[in-house]
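Residues annotated as disulfide bond in Swiss-Prot, with similarity to another entry given as evidence: 33-50, 105-110. The domain 'UPAR/Ly6' annotation in Swiss-Prot covers 31-124. The annotation GPI-anchor amidated serine is assigned in Swiss-Prot to 116. What Swiss-Prot lists as signal peptide is 1-20.
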C-alpha cells in the first residue's frame, strides 16, 4: 500500500510542476483579457482574445460614495503597454469620496475580479492535496 501511495504522490507532484497538463507542442496563442466599458458589475465583463500586439490587460475601477450611496464603474481591456503604473488615487469633495484604482497585468485573464476562492489562499489550496499525500506517506 505504501509504495502505491508513494507513486501516486510522485505523479501528483510532477503534474503540479508541469501545470497539470501534459507537455505537448501547442501553437502560441494571443493573450486573453476581460473586456467591458463603464459597467456597474464585474460580472458584465467578458473574456476576449487580444490582438497579437496587445501584451497586457488593463482594469480601471471608479468608486464614488457618500455615507448613504455607493456607485462603481468598471472598465477592462487589452492594451499594447501599461498606460501607467498600478495605482490608487483618492480624493474627497464635500461629503463625497472618490477612488480610482488602476491595474495592469500580463497573464491570461489576469484582470478579472478576485473571487472568494482567490487571493491569499489560492496557492495553498492548489498544493494541499500533494502536501497531504506526502505527509500521509511519511506517517506510514
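Any Cβ shown, glycine's included, is placed from N, Cα and C.
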Report task. Round to a whole number and give the Cα-to-Cα distance in Å for the pair residue 50 (disulfide bond) and residue 110 (disulfide bond). Result -> 13
Query - Winner by Cβ contact number (other Cβ atoms within 10 Å) across the disulfide-bonded residues 33, 50, 105, 110 - result: 33
Report summary line: Cα of residue 110 (disulfide bond) to Cα of residue 33 (disulfide bond), in Å and rounded, measures 7
Report task. State the Cα to Cα distance, in Å, between residue 105 (disulfide bond) and residue 33 (disulfide bond), rounded to an integer. Result -> 10
